[in-house]
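Report on the structure given below.
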Amino acid sequence: MEFAAFADRAATIEAESADTAITESVTDLLADAGDDLATLARFVQGRVFPAHESTTLDVGPRLCYEAIARAAGQNVSADDVEARLAETGEIGEVAASYDFGGQRGLAAFGGGGADALTVAEVERELTDLAAVAGDGSQETKVDVLFGLFNRCDPDEARYLARLVLSEMRIGVGDGTVRDAVAAAFDVPVDAVERALQVSNDYGYVAEVARDEGETGLDAIDLEVGRPVQAMLAQAGTVTGALEDWNEVAVEWKYDGARVQVHYDGEAARLFSRNMEDVTDPLPEVVATVEASLDAPAILDGEVVAVADDGAPLPFQEVLRRFRRKHDVAAAREDVTVRLHLFDCLHVDGEDLLDASLRERHDRLAALFDDDVVSDLWLSADADEIGDVEAEALDAGHEGIMLKDPEAAYTPGKRGKHWRKRKPDVETLDCVVTGAEWGEGRRANVLGTFELSVRTDDGYAQVGNVATGITDAELDAVTDRLEPHVTAEEGRSVAIAPEVVFEVGYEEIQTSTTYDSGYALRFPRFLAVREDKTPADADSLSRVERLAENA
Ligand SMILES: Nc1ncnc2c1ncn2[C@@H]1O[C@H](COP(=O)(O)OP(=O)(O)OP(=O)(O)O)[C@@H](O)[C@H]1O
């Protein structure tokens, strides 16, 4: 296909506003694509390379402006191009506004002709351009781009400029291409979706859909060395997770950077969340993996920067390691990293995407014999989950992940099967007005604390807290409260309002359980506010406001 024909189709697509019309136009484009199918399935999304490839054009805006300026003629400089961009705000518009050499050439041929750019040629030239490296590479890249722009008419220039800067913006998203592939080659959308998840390559999937149909799509498997998109999480709550699932798989949410490990039986390669190859900057992670594995595997996890005492450092520190291309040894001295693996997508020829998290985690745990694998707690108890969260926070991590233990691994999906518990937006300072002695090992310490807020004439209860308190804190809190016990009945004690607890919670609900008319959902102990007296504690009217504004 001539590049001019692609530009023409792109312009048509861009002019459409309805999603269905856009999908239909992309469907037609793919159906007519012939040998250019794979390339067009990428170009239409503004991609030159498959999503799983780390290859980039490595063409910054300035370099592109220079190439445009050179093609536009002697009197135009990169600064002029940039100035026009400041006016119009869109690089395609700017590129289309110049008279390039090619326009005159095309006019002479009456459009098209021997010198007409083809889609295949653009793809080839850009692939060669991406491979240019070393001294003088920037100059060579400008030369290649100049050569292309010089043969463009305004419409071609518009879409070439956008393609080069990954700013296609014609309203075609991942979902559009998925649906268009399904429609163009009469295969089920689900089969296309799965194949895309597994291969991360729209071009390849489009070709398989056309040439081998549904059977071919179903046969696409994960491949060691070809990264897949990471499964993502939504914000969620413990109460929500407990409502939705019988049991919740709880893990620490490590504060680091996502890493996907591909081990081919001999060597490991590592990929970042956006599928960049980060093998070289992380030799000790590679060594950890290679020391334990003896069969091919694809694993998912987080790399965390740690201080000398093992405590996690802010995640910016780990990014310093990810970005390091030179002098890795020195960077390694500066920032120590640890690998925490939490999922397993493939082991020794077997894809595990469709297996449950429960099974995938078991398979992962069987591959390593040290503490590389995340601890996973299965729980149906909010207090227990709260304790895991308290431990995670104590250990310096971000909080917890709540996962559906039965769910499959869905690459690239921000679904509801993985949830990250948001940090508390608000906390409440509550007065402790009662408590209960613990049981068994904890019989000598107070365990559950009655939380109240101030009212006009006293205090009203909003809940009980038993979660988030370490054993050491329980001892200290018991010593602090015991002198204020005013009455005792069974394990329950009444306590004079003296001590203020800061508590986190997920939600405030109206409730008839407590005399305040409200109940904190999933309250967690955060601290004793020694700096506050009950007079400084929160009031019922604040609770009312918080409940209303939720
Ligand atoms: N045990 C774990 N299981 C899954 N993801 C984890 C875990 N520990 C840390 N993480 C990190 O938490 C992220 C989950 O949140 P999300 O999928 O929304 O990613 P994100 O957009 O990078 O969000 P965030 O900025 O909150 O990390 C994962 O991408 C991963 O990097």
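In case you wondered, yes, glycine gets a Cβ from its N, Cα and C as well.
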GLU251, ARG258, GLU302, PHE342, ARG414, LYS420 bind ATP in TrEMBL, but which of ARG269, ARG273, ARG358 does that record place at the same site?
ARG273
Cβ atoms within 10 Å, counted per site: which of LYS253, ARG258, LYS420 has the most, among these recorded positions?
LYS253
Looking only at GLU251, ARG258, ARG273, GLU302, PHE342, ARG414, LYS420, the residues listed as binding ATP, what is the longest Cα to Cα distance in Å?
19
Between ARG273 (ATP binding site) and LYS253 (active site, N6-AMP-lysine intermediate), how far is it from one CA atom to the other, in Å?
16
Those residues of the chain, 6+ apart, with a Cβ under 8 Å from that of PHE342 (ATP binding site):
GLU251, ASP300, GLY301, GLU302, HIS361, LEU364, VAL373, SER374, LEU376, MET401
